[in-house]
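Engineer: A single structure is presented below for examination.
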Amino acid sequence: MFVDQVKIYVKAGNGGDGMVAFRREKFVPNGGPAGGDGGKGADVVFVVDEGLRTLVDFRFKRIFKAEHGEHGMSKSMHGRGAEDLVVKVPQGTIVKDIDTGEIIADLVAHGQRAVIAKAGRGGRGNKRFATPANPAPELSENGEPGQERNVQLELKVLADVGLVGFPSVGKSTLLSVVSAARPKIAAYHFTTIVPNLGMVDAGDGRSFVMADLPGLIEGASQGVGLGHQFLRHIERTRVIVHVIDMSGSEGRVPYEDYMAINNELEQYNLRLMERPQIIVANKMDMPEAEENLKEFKTKIAEDIPVFPISAVTKTGLRELLLAIADKLETTPEFPLNEILEQEDEDTVLYKYIAEEPDFEITREPDGTFVLSGTKIERLFTMTNFERDASISRFARQLRAMGVDEALRKRGAKDGDIVRLLDYEFEFMD
C-alpha cells in the first residue's frame, strides 16, 4: 500500500481559571460571592477536505496548539470559550496516538470531523461553591489542562489513474514525463516493485493522481510474481490506463498482451473490468509500431479509445491527458464489495474499554509514595493552591476517594513523603 506518513504534536487549549470575587456595591450589604467560571479551551479538530490529496502541508508545520479559555471575572461574568482549532486533512487519513498505538480517527468522508485533542473545561468560580453552611466561599478551581498528544497521520493515497501493462512497456517513463515523479527506469523487468505516484497536470487546470504500478505477468491473479500486491493497488483506482508496447520490441504480440492483462484483471475481481479503460499505444517512434497498431485496431471494438504516443519523444501526451481528465469527471468511485459495505453499515461494533482506577500508588526506592491516575491528576491540576480553602477541599477529596486509607495499607506513616506529579507533601495520619 502506498502510504504517506507524518508525525505531529497537538495540544488542546486549557480551560480558564475560575475567580474568587465578591459583590461590592453601594446599598447592597452582604453581596455574596460573585466569581465567574473560566471558559472552555479549544479542541483540536481534524476535518476532511476533499480538495487535499497529500500530507505535504504537515511537513512544514508539525505543531498545532489551540487557544486557552478566558479566566472567570468578577460580577459573576464567565470567561469566553475559545474557538476550536480546525485542521484540514485529506480523505483517507488515519490518525494514530504514537504513545499508545490507538487509532484515534479514520477520516474517510468529506466534511467528517474528529476531535483529536480534547480541550479542558473551565474552572468554577467561588459563586459555584456557595452553600448555606458556607455562603461566602473563598475557593475556586483552576482550568482543566487541555489534552496533548503526539500523533502520526497516515494517508493511504488513492490514485485516480492506474497504469497497467507487462513489465518494461514504458509505464515508468510515461509517469516521469507527465508528472514530477522520478521512478526508477531501466531496460529490465520488474524495475518497479512498489507503486510510484505522480500528480499530473492535464494542462487545462485539471489534475489527478497517477500510479505507476508493478508490472503484471500472467498468473498474477493466482499470486504469481507480484500479482496480489499489484492487483490490490489497481482495485483502488477509478480509471485504468493500459500501456502496450506497440513496437513488439521484445517479441511480444500487442493484442495478446492486451487480452492477457484483461484476463488477469477479470479473474482477480470481476468489478475491475467495469472501470473505464484507455489504451495507450506506446513506443510509436519505433519501427513496425505503425503496422502493429493498424493490426491491433482491427481486433478490438471500435468504441475502445486508443492513443498512440511515444513517452520518449513526448508525442501524443496532451491528447492522452485531456482524455483521462474527461473520463475521471464522469467516473464514480467503485465499491469493491457492495454486500460487505452494506453489512458494515448495519453492524454495531462493541469495544471493551477497561475501567481506569481513580488512582494508583507505587513506591520508589527512597521510600517516596507516588500517586498517579487520570482522575487524581485532574483534581490536582484544577486545585488553586494559593487559597487555603481550595487546599482543604483537595484534602477532603483525596480522603473521600480513599487515598488516605490506601496509603496507610501500603505502610505510610506520619512524615512520609507523597508525590503527585511535581508536587510533594507530607503524609499526616
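From the backbone N, Cα and C atoms, a Cβ is placed for every residue, glycine too.
Marked as domain 'Obg' by Swiss-Prot on the basis of sequence analysis: 1-158. Taken from Swiss-Prot, the feature region 'Disordered' covers 124-145. Look at Swiss-Prot and you will find 159-329 tagged as domain 'OBG-type G', backed by sequence analysis. Residues or ranges marked as GTP binding site by Swiss-Prot: 165-172, 190-194, 212-215, 282-285, 310-312. The Mg(2+) binding site annotation in Swiss-Prot covers Ser172, Thr192. What Swiss-Prot lists as domain 'OCT' is 351-429, and the listing cites sequence analysis.
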Engineer: Using all protein chains in view, find how many other C-beta atoms are within 10 Å of the C-beta of Lys283 (GTP binding site).
Structural biologist: 25
Engineer: Could you give me the DSSP helix, strand and coil counts for the region 'Disordered' (124-145)?
Structural biologist: 4 helix, 1 strand, 17 coil
Engineer: Across the domain 'OCT' (351-429), what is the average pLDDT of the model, as a whole number?
Structural biologist: 86
Engineer: Among the binding-site residues listed here, Gly165, Ser168, Lys171, Ser172, Ser310, which has the most company in the form of other Cβ atoms within 10 Å of its Cβ?
Structural biologist: Lys171
